[in-house]
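First the structure, in the form of structure tokens, and then the observations on it.
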Amino acid sequence: MRRIGVIALQGDVSEHISAIEAAGGQAVPVRRAGIIPTCSGIVIPGGESTTISRQLERTGIAAEIKQAAANGTPVLATCAGLVLAAKEIDAGDVKPLGLIDISVGRNAFGPQRESFEAEINVEGFDRPYRAVFIRAPVVLRCGEGVEKLARFGGRTVAVRQGNVIGLAFHPELTGDLRFHKMLLEA
């Protein structure tokens, strides 16, 4: 059974833990340094990217995530996690981890009250995926080697570069475990 570290500083932590376990993995909450090196995969959940960014730096977890990703550990970054995983962010106080060579725009689909669900086609999936967008970011630019996995309204909302998958939406809120299974099978 693969052990997946779910960054548990703020955001959709319990939902990701439930999804990992439902997909057949062992989920462990990561609140301090020293846990990431014991994991075979990482989830960076949604939440508030500025808050999570500060806590990642303060706890030393940011350096461990960067090292693990550089060593090939699979990473699933969702919503605010996508913002954190980016190389560049359009605005704000977020210190990006630089795991994916992308530029990201925060809250690109509007405020919380304009949250929505939509069917999207994802590269490699045999049927549409019901995506939940909550104050979702968008990928503005993709660098060399970044694969666009899905678009919505002409905008890129899912990407992969090597062992890192970034999603603008919340797969942990859908009951559709395909992205969590991708992480476990990577």
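Just so it is clear, glycine is given a Cβ too, placed from its N, Cα and C backbone atoms.
Note that this is a predicted model, so its numbers are computed, not measured.
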According to Swiss-Prot, Gly47, Glu48, Ser49, Ile134, Arg135 bind L-glutamine; which of Arg3, Arg106, Arg160, Arg178 is also listed for that site?
Arg106
Here's one to test understanding: among the active-site residues Cys79, His170, Glu172, whose C-alpha is closest in space to the C-alpha of Arg106 (L-glutamine binding site)?
Cys79
Arg106 (L-glutamine binding site) in three-state DSSP notation:
coil
Within 10 Å of its Cβ, which one of these recorded positions (Cys79, Ile134) has the largest number of other Cβ atoms?
Cys79
If you measure from the Cα of Arg135 (L-glutamine binding site), which of the active-site residues Cys79, His170, Glu172 is the nearest?
Cys79
Cβ within 8 angstroms of the Cβ centroid of Gly47, Glu48, Ser49, Arg106, Ile134, Arg135: which residues besides those meet this for the L-glutamine site?
Gly11, Gly46, Cys79, Ala80, Val83, Asn107, Pro137
Please give me the CB contact count at 10 A for Arg135 (L-glutamine binding site), counting all chains in the structure.
19
